[in-house]
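Here TrEMBL flags Phe8, Lys31, Arg62, Thr142, Gly143, Asp144, Arg253, Lys259, Asn283, Asp284 as ATP binding site. What TrEMBL records for Asp280, Asp284 is Mg(2+) binding site. If you look up TrEMBL, you'll see 306-558 marked as domain 'P-type ATPase C-terminal'. The feature transmembrane segment is assigned by TrEMBL to 370-390, 420-442, 454-476, 488-512, 518-543.
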Amino acid sequence: ELLEVLSFDSVRRRMSVIVRSTAGEIYLFCKGADSSIFPRVIEGKVDQIRSRVERNAVEGLRTLCVAYKRLIPEEYEGVCGLLQAAKVALQDREKKLAEAYEQIEKDLILLGATAVEDRLQEKAADTIEALQKAGIKVWVLTGDKMETAAATCYACRLFRRGTQLLELTTKRIEEQSLHDVLFELSKTVLRCSGSLTRDHFSGLSTDMHDYGLIIDGAALSLIMKPREDGSSANYRELFLDICRNCSAVLCCRMAPLQKAQIVKLIKFSKEHPITLAIGDGANDVSMILEAHVGIGVIGKEGRQAARNSDYAIPKFKHLKKMLLVHGHFYYIRISELVQYFFYKNVCFIFPQFLYQFFCGFSQQTLYDTAYLTLYNISFTSLPILLYSLMEQHVGVDVLKRDPSLYRDIAKNALLRWRVFIYWTFLGVFDALVFFFGAYFMFENTTVTSNGQMFGNWTFGTLVFTVMVFTVTLKLALDTHYWTWINHFVIWGSLLFYVVFSLLWGGIIWPFLSYQRMYYVFIHMLSCGPAWLGILLLITVSLLPDILKKVLCRQLWPTATERTQARNQCLSVEQPTVFMLSQTSSGLSF
C-alpha cells in the first residue's frame, strides 16, 4: 500500500516512496543518482556496487542506485507529522519540504543499482560532426554521470581519439583550489595560442591537437558563485577563455537551472554569439527558453520541450537539414531582401532629391504621382518577393554534403556594415547615373522627329524607366535559382511597366487624355537618342556590380562561389561525357 511519495527534484536527484507491506511492515524505498544515494547509505555492498556503477557508466549506460530502510510505527508517525507540517506551511513551503526530505532520506541500506542502455538516435553522430564542420560549436549539457556522458560524447563523435580531455570537476577541486585548477587549465590550452591558427568558429586547431573540457555541476556552482569581494567576473571570463580554446565542452551532473545558467553565460559573453538549445525533456525547458533559438525533440521524454520551443522536430538528425540547408537558404534570402529594399529605395529617392537643386526647390516632383505610388507596390515588389521565397544559390544536396559552406554566412557575414555600405554606395552611384545621365542628354534641347521638344515629364519618365529596368536586372543578376516563376515575375514586371505607361499615357485609352502624362511615354520612345540613352545608362549602372562580382570570384572566391563554379563546370561537361560513354559501349537510344 502506497502511503507517501517524496517526489523527485533536480536538486536532490532522487525520489522516495513509503509503503506498507501485506504483513504490516513500513518501508521507505529511495532511488536516485549514485552521488545522491551513496552519502546516505550506512549498510550494504557499497564498494562492490560502486565499482559496478562506474564500470557501467564507462560503457555508456545510465545508472541509478536503489536503497531502503524500515520504519517502525513511531518513526512513521514522526515522518507523517514532518511532511504534513511542511505541506501546510504558508511561507517557504518548497524549502521546508526539501528540509523534511533531507531528514527522512538518511541511514539507508543499499539494495543495488540499475543500468539501462540509452542508445543514440540514428545519424546523431553524423549530425554533430556536420555541425562542427559548419563552424558551430557544440556543448553537451546533461545530468548524467561524467563517465556516462563522456562515453556518449565519444559515441556521437563530439570527442575524438586525439582529443585531450581536461577535467574541471569537484574531485580535482578538492585536491587543488579552484583558482589553481582554472589557471592550470588556462596555461594548458593557451600555451601555443600564439603559434596556432585556431578556428574561431569551431575551436578546432590546425595541428589537430584538440582539447575537450569536462565540468560538473558542483564546479560550475563554484565558478558562478560571487567571490568575497562581491565579483565573480574573473572566474567566469577565465572559464570562458578555456572553453573558447576547446573543440567541445561537456557539462555533466547539471541541474535544469544550471543548464540555463550556462546558456546565459555564453549568450552574454563578449562575442555575443547566437545560441541554440535543443532538448527532448522537461528538464531542458529552462535551457530552451534561455537560448536565442530553442528546439524541442518530440519523443519518448514527452512534449514539454517541444511545447516551450521555437521549433519542434521529430528526430535529432533533422537538425542538420534545418540549420545547414533551410537556415542557410533563409539567411541568404533575408539578407538580400533587406539590403535590396534599401538599394532600390535609394535609387528611387536620391534623383528626386537631386532634382530639387534644378527646380529652384519648388517642390516639383520628378516622377508622376502614379509612378510614385506604384514603384514599390507593383513595379519592383514581386521579383524580390519571389527571390526571398525561392532562391537557392547552391543545391540542397551540395549543402548537405559540404557543411563547411555554412561558414560563409557565419557571424552575420552578409548583414555587416561593410556589405550594407556597399549596397548604399551602389544605390547612390546608380541614382547619380540615372539623373545626370538623363540631364546631360537633355542639356542640349532634344527634339523628336516631328520637331517637338522633350519636357519636364519626359525627363522624369526617362529617369524612372532606366531606374525600373536597372533595379530589376540587378536582382536578375543576383538570382541563381531560375524557374519559370522567376522568369514570369521578373520579365513580367518589366512588361507590366511598359504596358501601364502606355495605358496611363492615353495611347490605348484616349479618355485618359485629360491628365498630364498624355502621350509622354510614346513621345519618349519615338526618339532614337532616348532608346540609346536608356540602354547606355542601364549598362553603366550595372557595370560596377558586374565587375565586382567577376573580380571577387576570380581573386577572392568564397567556398560557396567555388562550389557554384564547380557545379557549373560539371553541368556543362556531364552531357559530353555521357554521350562518349554511350558511344564507346556501342549502345544506341
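Cβ coordinates are placed from backbone N, Cα and C, and glycine is handled just like the others.
A quick note: this is a predicted structure, and the numbers were derived from the prediction, not measured.
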Over the domain 'P-type ATPase C-terminal' (306-558), what is the model's average pLDDT?
87
Starting from the Cβ of Asn283 (ATP binding site), draw a 10 Å sphere and report how many other Cβ atoms land inside it.
20
By CA distance, which of the binding-site residues (Phe8, Arg62, Gly143, Arg253) lies nearest to Asp280 (Mg(2+) binding site)?
Gly143
For Asp284 (Mg(2+) binding site) and Arg253 (ATP binding site), determine the Cα separation and express it in whole Å.
13
Based on Cβ atoms within 10 Å, give me the single least packed residue among the binding-site residues Phe8, Arg62, Gly143, Arg253.
Phe8
Using a 10 angstroms cut-off on Cβ to Cβ distances, just flag whichever of Asp280, Asp284 is the loneliest among these binding-site residues.
Asp280
